[in-house]
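*Asks:* Attaching a single structure in structure tokens format; questions to follow.
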Amino acid sequence: MGGRNVPTVSSSSSSSSSSSSSFFSHFCSSALRTKPSNSPYDVFSNRINSGEGLIRRLGVIDLILIGVGASIGAGIFVITGTVARDTGPGELLSFLYALCYSWLVLCQPGVTISFILAGVSCILNALCYAELATRFPPVVGGAYLYAYTAFNELTAFLVFAQLTLDYHIGIASIARSLAGYTVSFLEIFPIFKDNISNWFGNGQEFFGGVVSVNLLAPVFVAILTFILCWGVGEFCAINSIMSSLKVIIVVFVIFVGAFEVDVSNWSPFTPNGFHAVLTGATVVFFAYVGFDAVANSAEESKSPRRDLPIGIIGSLLICIALYIGVCLVITGMVPYYLLGEDAPLAEAFTSKGLNFVSLMISIGAIAGLTTTLLVGLYVQSRMYLGLGRDGLLPSIFSKVHPKYHTPITSQLWVSFVAGLLAGLFNVHSLARILSVGTLTGYSVVAAGVVTLRWEDKTASPASSSTWREGVICIMVVACSGFGAGLFYRFGSLWVSMVAAVFALLASIALHLRHVYGDVLGFPCPGVPFVPALCIFFNMFLSAQLHQEAWVRFVVLSVITVIFYACYGQYHATPSLEGSEIYFPVPGLLVSTINVIVVWESYEGGSVCNTGELGNIFGLQYGGVFR
């Protein structure tokens with residue numbers, strides 16, 4: 001009996017070893033899959049079933065207002081006075097109070113320079129987004145889609161996980177802030193003064209603060225969810241009205257405040273030195289986060305190749321101009337050392353006897369928070385839609401309502417999570433673990449611009465050795481940026497400069513050792529130096545985040561890999577035969593292509609299928625005949 005058991009044990013052990021080897025092999029091959037890149041005709045797969053796609057309703061003005069709506073919240077009315085202590089959490093995914101610098105260090109006229117430096121850095125990131133937004137087919141996905149094509153499936157899934165956690169917590173926190181601002185506004189009127197319970201809008205804590213009930217926050221989420229499920233046209237109308245309102249109020253505040261400016265308050269302009277200005281730039285960078293929301297609107301844009309770059313960069317330029325204007329006004333009206341900590345802009349106008357402006361500021365804050373919440377819910381639902389189509393999440397997330405053409409399931413899921421978090425928990429306390437996902441996404445997008453350019457020069461992708469060499473250089477830039485940030489954080493400025501030199505050398509190596517092809521559409525200038533600078537500064541900022549943010553990054557990454565190993569690798573389908581195909585082909589294409597084409601009208605957003613096509617003439621970007 002013993003002799004017969006030996007082969008059985010050996011066979012079982014061999015089977016187990018073979019099974020483990022097979023699992024690991026399948027995991028590696030799946031994780032390294034990519035979405036189809038540039039084929040001979042730049043064909044990209046679009047996983048939208050006939051008649052179930054999103055409607056193209058967004059024009060260039062709509063896209064600009066989406067970017068403005070996501071970027072400018074209530075924070076613009078307090079950020080210049082409290083920059084890192086208490087920004088008034090209006091900026092989506094960017095709660096500046098998570099970085100605990102002294103507000104006195106930053107509340108100086110030189111904070112204007114901080115906003116300019118941060119704005120320039122964001123413009124560089126926006127240029128990277130603009131290039132990828134025009135070289136990909138007009139479908140949802142944003143940074144996730146770009147990472148899927150430029151790198152691999154697992155990297156894309158990790159980017160999605162990090163970004164979506166930022167969105168979940170950020171949206172919930174914005175909803176609670178909107179509820180709080182609304183209650184504060186209502187209490188201006190005597191009938192509501194001291195008559196509104198904490199549980200209604202400010203949060204009533206139970207069980208030692210573990211639970212914080214807020215009734216109004218999930219109500220706001222539910223109302224905005226109804227609008228988003230109704231249709232993209234309705235969403236666009238509400239966002240345009242609210243975004244225009246807050247921009248008008250900000251411009252009015254700047255105009256009125258300009259007449260109260262005393263230029264002597266600007267001297268000295270940088271009383272705390274340039275080090276404080278640079279520190280301020282690393283903090284206020286997050287005030288501009290939101291322009292990337294435009295990239296997720298690609299599938300609903302009327303003319304994506306033309307309008308997306310304008311929407312991304314245009315919205316950012318508007319935000320930069322508004323922030324700089326508010327900075328100059330507030331520091332010119334009141335000496336920086338007399339600014340209040342909680343509502344510096346309102347207090348500055350009150351000190352000048354302009355109380356009516358304070359009321360307008362309250363209205364602007366509510367409008368700002370409404371748009372950031374609305375756009376946040378909109379963008380995250382499109383992210384889930386993209387992963388549902390690709391199989392990395394259950395297919396229920398890929399469902400689009402046949403009548404309203406909105407991702408109902410994804411939208412309801414996003415809103416359910418936001419409403420639950422906002423209604424039961426004080427998510428403001430989680431602010432310091434945010435932003436690491438946003439910076440990760442920005443860095444991956446910038447790296448994607450570089451790697452995809454390598455593949456443009458020839459019909460086939462860059463060789464493996466060349467590709468690995470380039471990725472190593474990108475990693476050197478990223479590590480140098482993170483190292484420079486850490487040393488700067490702890491006061492070793494000279495060591496930070498050495499790290500910056502390493503990043504520069506790696507960037508030069510990228511330039512000399514690789515050939516970069518031209519791109520069709522909007523080209524990011526200065527490749528690879530501009531994307532490398534983006535990566536360096538993004539990682540520099542990452543090093544300024546709280547250590548809990550990096551604990552969250554590691555833990556979430558591990559959970560994401562486990563979920564991918566158990567579900568994603570078996571269900572993901574990066575390319576789907578027989579699905580509709582978009583052709584981002586500029587100019588005239590003469591070829592025999594036996595595929596199914598989605599013929600879409602820019603004007604009406606109508607969709608109809610044609611059969612086999614041969615000798616296709618005049619095929620333009622997005623599969624649109626002109």
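Numbering starts at 1 and runs along the chain as it is shown here.
For all residues, glycine too, the Cβ spot is worked out from N, Cα and C.
Note: TrEMBL annotation is automatic and uncurated.
A quick note: this is a predicted structure, and the numbers were derived from the prediction, not measured.
OK, TrEMBL features for this one:
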COMPBIAS  10-21  compositional bias 'Low complexity'
DOMAIN    522-571  domain 'Cationic amino acid transporter C-terminal'
REGION    1-21  region 'Disordered'
TRANSMEM  63-84  transmembrane segment
TRANSMEM  113-132  transmembrane segment
TRANSMEM  144-161  transmembrane segment
TRANSMEM  212-232  transmembrane segment
TRANSMEM  244-261  transmembrane segment
TRANSMEM  273-291  transmembrane segment
TRANSMEM  312-339  transmembrane segment
TRANSMEM  408-427  transmembrane segment
TRANSMEM  466-487  transmembrane segment
TRANSMEM  493-512  transmembrane segment
TRANSMEM  519-543  transmembrane segment
TRANSMEM  549-567  transmembrane segment
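Are these features on the surface or tucked inside, and what are their neighbours?
*Replies:* Same-chain neighbours of the transmembrane segment (144-161): 30-37, 132, 136, 383, 386-387, 390, 392, 437, 440-441, 444-445, 447-448, 451-452, 556-557, 559-561, 564, 568-569, 572, 574, counting only residues six or more beyond its ends whose CB sits under 8 Å from a CB of the stretch.
Away from its own ends, the transmembrane segment (212-232) comes close to residues 54-55, 57-58, 171-172, 175-176, 178-179, 182-183, 199-206, 238, 300, 370, 373-374, 377-378, 381, 401, 404-406, 408, 411-412, 415, 418-420, 422-426 of its chain (Cβ-Cβ under 8 Å, at least six residues beyond either end).
For the transmembrane segment (244-261), same-chain residues at least 6 beyond its ends with a Cβ under 8 Å from one of its own Cβ atoms are 65, 68, 72, 76-77, 318, 322, 325-326, 328-330, 332-333, 345, 348-349, 352, 354, 357, 360-361, 363-364, 367-368, 371.
Away from its own ends, the transmembrane segment (466-487) comes close to residues 443, 447, 450-451, 454, 493, 495-497, 499-500, 502-503, 506-507, 509-510, 513-514, 532, 535-544 of its chain (Cβ-Cβ under 8 Å, at least six residues beyond either end).
Outside the transmembrane segment (493-512) by six or more residues, the chain places 275, 450, 470, 473-474, 476-477, 480-481, 483-485, 487, 528-529, 532-533, 536 with a CB less than 8 A from a CB of the stretch.
Listed by sequence, the residues of this chain that lie at least six past the ends of the transmembrane segment (549-567) yet keep a Cβ under 8 A from its Cβ atoms are 27, 31, 98, 154, 157-158, 161-162, 165, 392, 432-437, 440.
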*Asks:* Tally of helix, strand and coil residues over the domain 'Cationic amino acid transporter C-terminal' (522-571) according to DSSP?
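*Replies:* Result for the domain 'Cationic amino acid transporter C-terminal' (522-571), in helix, strand, coil order: 39 helix, 0 strand, 11 coil.
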